[in-house]
Amino acid sequence: MATRLQDGNSISPEPMLSDGSAAKRPTILVFDSGVGGLSIYNEVRQTLPNAHYLYVFDNEAFPYGEKPEQFIVDRVVAIVGAMWRQHKIDLVIVACNTASTISLPALRERFPCPIIGVVPAIKPAARLTRNGIVGLLATRATVQRSYTHDLISQYAGDCQILQLGTAELVDMAEARLHGELVPLPVLRKLLRPWLRAAEPPDTVVLGCTHFPLLSQELQAVLPEGTRLVDSGSAIARRAAWLVEHDMDVSSLQGETGPNKTYCLVTTPQAVALMPALTRYGFGSSGMLTL
């Protein structure tokens, strides 16, 4: 059975004002094309439990992996802009590998708050591997993107990187959140190139934010001792650091109200997600109009 690890495990305290009283809670926007960003949100919420969270999933344009780059940039900027007009946002987390690699410069030019992106956890995986073989499990777009190749060259040059690009796992993760069972035989078939390798990877990077939602199933299918590494806790630590050190917490707007989710189009599938979103701590939902 595989073991799930993350890029670190430290937890920072909630920010306090200089007089020792609790600070106004920051409003944090987490954005993804689908529900994969919930894996990032969950890690951030454990680190900053008192923050006010907004989660947007772009179910109208999901998935982003096969979309043209300029479409994604324009789309992400428009969505963050629409949320900016409705809420007093202190921090934006782009919880999508595809969107992060191409849209962060445009977002940082337009919005005067810290913006965090997600990249595959190749650097920690290269440190953790015992046999020097690291698997990168991601969407085809992430596997093919030059940004990913640069990460491998920079941080894992002495490792053998086995890349596996798949869109099917994204659909499986979405279905799992709807309460559907993940068919393990199908998962084994998708991972067959690694499972049949003479020496499979002993460390696997979950290079899409959807994939930690399937960690239990991946652990059941991959060889005993395989380590799963994702970026969730690293993003959470970065968010906590920014809240503590890069924001004047006394000037936060302190937006009130329940944590809220937004979709871009109301569908039966989006409505069916509400029980799961409630379990994640969201108290209301709405539709975002661009």
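Backbone N, Cα and C define each Cβ position, glycine as well.
C96 (active site, proton donor/acceptor) has a Cβ environment of 32 other Cβ atoms inside 10 Å. Mapped onto three states, the DSSP output places C96 (active site, proton donor/acceptor) in coil. Taken from Swiss-Prot, the feature active site, proton donor/acceptor applies to C96 (among others), supported by sequence analysis.
In this structure, C208 (active site, proton donor/acceptor) belongs to neither helix nor strand by DSSP; it is coil. Neighbour density for C208 (active site, proton donor/acceptor): within 10 A of its CB lie 32 other CB atoms from the protein chains shown. Feature annotation from Swiss-Prot assigns active site, proton donor/acceptor to C208 (among others).
Listed in sequence order, the residues of the same chain lying 6 or more apart from Y64 (substrate binding site) and placing their CB within less than 8 Å of its CB are S33, D58, I72, R75, C96, T98, A99, A141. Under the DSSP three-state reduction, Y64 (substrate binding site) is assigned to coil, being neither helix nor strand. The annotation substrate binding site is assigned in Swiss-Prot to D32, S33, Y64, G65, N97, T98, T209, H210.
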Other CB atoms, at most 10 A from the CB of S33 (substrate binding site): 29
Beyond the site residues D32, S33, Y64, G65, N97, T98, T209, H210: chain residues whose C-beta lies within 8 Å of the centroid, for substrate: G34, G36, G37, P63, C96, A99, T139, V170, C208
Nearest recorded site to C208 (active site, proton donor/acceptor) by CA-CA distance, among binding-site residues D32, G65, N97: N97
CB within-chain contacts under 8 A for N97 (substrate binding site), separation at least 6: V118, V119, P120, A138, T139, T142, G207, C208, T209
Nonlocal residues around H210 (substrate binding site), in sequence order (Cβ under 8 Å, 6 or more apart): G34, V35, G36, S39, L169, V170, A173, E174
Local Cβ density at T209 (substrate binding site) - other Cβ atoms counted within 10 Å: 31
